[in-house]
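*Asks:* Before I ask anything, here is the structure I am working with.
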Amino acid sequence: MERLPVLLLLLWLCSAFFVGIHLFVGGFLLVRLEVNKSSSCADALLPGAARPDFCEGGARFRRAVLLVVDALRLDFARFRGGNPRPFENKLPVLREVTSSQPEHARLFAFRADPPTTTMQRIKGFTTGSLPTFVDVGNNFASSAVLEDNLVRQLARAGKRVVFMGDDTWESLFPNQFYRSLPFPSFNVKDLHTVDDGILKHLYGTMEGADWDVLIAHFLGVDHCGHRFGPDHPAMADKLTQMDQVIRSVIRRLQNDTLLVVMGDHGMTDTGDHGGESLKETDAALFLYSPSPVFPAALSQAEPEVVPQTDLVPTLALLLGVPIPYSSIGQVILPLFHQESRTAGARSHLSQLEALWINAKQVNRFLETYSYVARDIPRESLSMLQDKFASLWNEYSSTVKEGRTASPALVAALQSYLTAVREVCQATWAKFHPLKMASGIVILATACTLCFAVSEALAGAGDTVALRASLAMGAFAGAGVAVGQLGSLGYVDAAWCLGAAILSSQLAFLWGLRRGEGRAFARGGDPRRTSGGSLSPPVFSVPLLVLALRCASLLSDSYVIAEGRVATFLLLSLGLYIPLRLNWEGLLLPTSPDCQKAPGLLPSPPLSSSAVRRESLVLLAGLGVLVASLYLSLFLHNCREEQGGCNPSPLLVPLARVQDSGLRNLRYVLSVASLAACTYALRCWLRHYGNLNGPGAAVFAARWPLPLASLCTGLYWAVSSTPERSFRGFAELIALALVVLPRVAFAFLALGATLLWMNPLTVFLKPRQAPSQGKGPAPLPRYRASTALSPEAELHHLIPQLYQRMRRSLEDGESSGGPEGDGRPAVEAYGLGTVYSAPVVLLSGLLGLGLLLLHSEGMALAFLLLLLEGTALLHLHASSMTLASLQGAHKGDFSVPWLSVLLWDLAATQFFHATGHLPTFPSIQWGAAFVGFPQGHVGTLLPGSLVALNTFSSHILFAVGCPLLLFWPLVCEVQAPRRGFGGSERNAVMEMRLRERPREFSTALLQLAARCLCVKGAQVLASALAAAILRRHLMVWKVFAPKLMFEAAGFVLATVFTLVGFALVLRVDFAVSGWFKRLIPEQCR
């Protein structure tokens, strides 16, 4: 088998997809251009004003206290009668103060701009700008804010800003606080450390005199939502604690101090956030001052909803500092007087003056940004400029003539600010059309190349064509780099890689067209095979279903309901297999036809009973598939758009379950599912003789796998223990939460390492003659076949070994001695599954590790995944066997498109059946803390754990992809042996691949190319949908997240596909070395 050419070609195909994804995403998700300029007091002079600088006129408030209660959803703060839920009516102080002191307090709906993640929200209400969609990826690694912001303006004005709480602020605003007390923020299981740390210093700081602005960011409510959800007693406790905090702060306020209590975002009913549903975007904003600040009665100017960006200009003007340069927010009018105070006194800004300063600042930013970025449409920019010019004239005349501000002018200024925000929101979905088009072209060419490779190749041999294509690509990339240096003065690596990949793709396709690709495939053999046509049946049912699925990605309804649709397609194609076999007359036995060529299996033809038995196996596999699909429907999560949907209760961690009986029942179900998975894996290995011998892989299956399962079960028991139980064992429980998962991960890593070092699960030994007086020795689990055809004997890579085994059997049969029982003197255990056993074992090790990253209830989902995967493999193997038994198979090892498509559909279906969705709120962030409850130092490890959790289904089916090639051989039907009383002749099984190494290489490469083609086609379709519908209403809610998840899933699935195929190549190398060591011993 030519291992290196196969691996090189696969790496090249994968790199083409990676470059295409990189180019498209780089053009689709560009970050908004930041304007690195700062405002000053002189920038906002009032025309005709008595004072030259509004900053010198005295701020309305000398001090401000900002209490940021993370994830303070709006309905947490509002009062609701009747039978309240755990999170309702737990902040009565807000209602008491607003009703008893209407001139001192107001409660507003505080609406965030998506994405509703903490870092983006902090940026939003400190800079007044809108974060872009791609910023959500930075939530793991917050970088310093470079734009002008409120914290910087306060520090520049000499205000002493003291911060305590979420350490995200420290990374966003380094060295800008007068004093800071940051606490780790990312451990969502820790409800108290940050809040308790704040409370130790909050009241003492307020009673001191060394501060002007105090910011306290509490995290307990947010973490409680992530861990337990809002409908939990722990949420009631947290909100009650916040109520006491607000009361204590109000008692300590002075008359010149403004209190702002706000949530940065909300949360869903499951405690998650990141999307744009109202429950995620609508937080609470409570404003209070001991001195009157609001009108006595509600006025029409008071907004029903306050955008978060509006807080920035409001606080800036109330505290007497300039509005940050890039802010597009609008001042909250009720906080300003309708008319200016007496002339000559230290007056505060009126509503008209505040709006004018606000409008002038926004217009200045708009002019600067349009000059630098040039992406605001000319029509919109011209309209806004004309509107501001008109407002300038009207305001100037009003000030010069000393007239009272008219309501029409105030409304016109508000309308202008609203229009600017709307234009900016529409503009900052900024795209790079050329990069997007280039990425789509490369992705489409990569899919075409994978399709051509899968249909044109008959083997893998010479690498001349690949080397020529790579040389062509390197030349094209170097040419683009030289051109960029000459014209631009710098090199853009993305364009160079794109040119290199596209050129090499086109060169290789041209080589295939001219026959050079076939020379690569056949190693110079001029013979054509049945699979060597460049014109395959494109209109076959599997490819039509794939095309329909890709086209459906243009529909937001399909993306929303993809989990159900994938289940339907999987079931439909599963039913299509027996229907097609029956239509072709292959499902039931037929009369022998001497004209038909022998199929994959050795002659003589098998009886009709074998056909019936194989048909029953196929139907049984179909039944298991239907049952597992039906049960998996009860494990799905729900999107916001699915109004009547209820998420599976198994998605809720055991720690959130209040009923102890139900919690114990669910724990038993989870442990039983885990034990069933581990037992089934060991039974399969034992059945085929792969648990014999002292090898490293056998040791991994015997010990690390079950020990890791035991640690997982114990970890679930400890993590599901309520906090209020076993208080005396709190330290021991905390230690177990760290040790148990880490020990499990260590066992699994040890098993995977041993498997890679020595992947052979074969045990060979001479048979010992039975002693007199004892019964015959037990039959071996597997005996290497000795019934090779003459052609196989000539072409087998190790004819000496098989001839030796055959002679030992023939000698035993011809003699009446101890070997007269018909068994060979040389017994090989596990030789028939030498390739598939390591892949199955690696899948089991990975599966257990990925299960550990999920909640306990997903153990049932992983058990169903195992059953569904096994059912699909048996459907594939039985259909191939039935075709062979009836003489309809062409005799190669090719895996049909239908099986590849079913395998990929199963990955998508179980992505949804494990509680995942292509939305950011559905990301299970708790996976980052399995084994690390105290948090992480860096961001690489937690990000990797969350990615593994999210795409576990893709990973498992990617690693197990080679099983599609091996399973028909593993399930090879045994033929009756003539002349020996109906005894059976052992099937060759996977050793048939060793007989025809060139066809083995071809089949392996073809399978990988088809898997990449199916996965890549969906990435291409997602990219096309995002590009075509980039101005669609649902692009950032549906299509952009789908693209991100599809691309990330493809990258991970491709990496683990390479891991699976690399393991097969490693096994082949080990088998060759094993035979080389074994042959001299057998020949002595």
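Glycine is treated like the rest: Cβ placed from N, Cα and C.
All annotation found in TrEMBL is predicted automatically rather than curated by experts.
Computed from a predicted structure; not experimentally measured.
OK, TrEMBL features for this one:
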{"type": "TRANSMEM", "residues": "6-31", "note": "transmembrane segment"}
{"type": "TRANSMEM", "residues": "440-458", "note": "transmembrane segment"}
{"type": "TRANSMEM", "residues": "464-482", "note": "transmembrane segment"}
{"type": "TRANSMEM", "residues": "494-512", "note": "transmembrane segment"}
{"type": "TRANSMEM", "residues": "616-635", "note": "transmembrane segment"}
{"type": "TRANSMEM", "residues": "701-718", "note": "transmembrane segment"}
{"type": "TRANSMEM", "residues": "730-757", "note": "transmembrane segment"}
{"type": "TRANSMEM", "residues": "834-853", "note": "transmembrane segment"}
{"type": "TRANSMEM", "residues": "860-877", "note": "transmembrane segment"}
{"type": "TRANSMEM", "residues": "951-970", "note": "transmembrane segment"}
{"type": "TRANSMEM", "residues": "1048-1067", "note": "transmembrane segment"}
*Asks:* Please check if the transmembrane segment (494-512) comes into contact with the transmembrane segment (464-482), where contact means 3 or more CB pairs closer than 8 Å and the residues in each pair are separated by 6 or more positions.
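*Replies:* Yes, the transmembrane segment (494-512) contacts the transmembrane segment (464-482).
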*Asks:* Which residues of the chain, 6 or more past the ends of the transmembrane segment (616-635), have a CB below 8 A from one of its CBs?
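*Replies:* Same-chain contacts beyond the flanks: 564, 567, 570-571, 574-575, 577-578, 581, 587, 648, 650-651, 858, 860-861, 864, 867-868, 870-872, 874-875, 878-879, 882, 909-910, 913-915, 971.
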*Asks:* May I ask which of the stretches 464-482, 834-853, 860-877 has the most CB pairs under 8 A with the transmembrane segment (1048-1067)?
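*Replies:* Top-ranked stretch among 464-482, 834-853, 860-877: 834-853.
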*Asks:* In terms of Cβ proximity under 8 Å, which residues at least six beyond the ends of the transmembrane segment (730-757) contact it?
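*Replies:* For the transmembrane segment (730-757), the nonlocal Cβ contacts are 696-697, 699-701, 704-705, 707-708, 711-712, 714-715, 718-719, 721, 838, 841-842, 845-846, 848-849, 852, 930-934, 1063, 1066.
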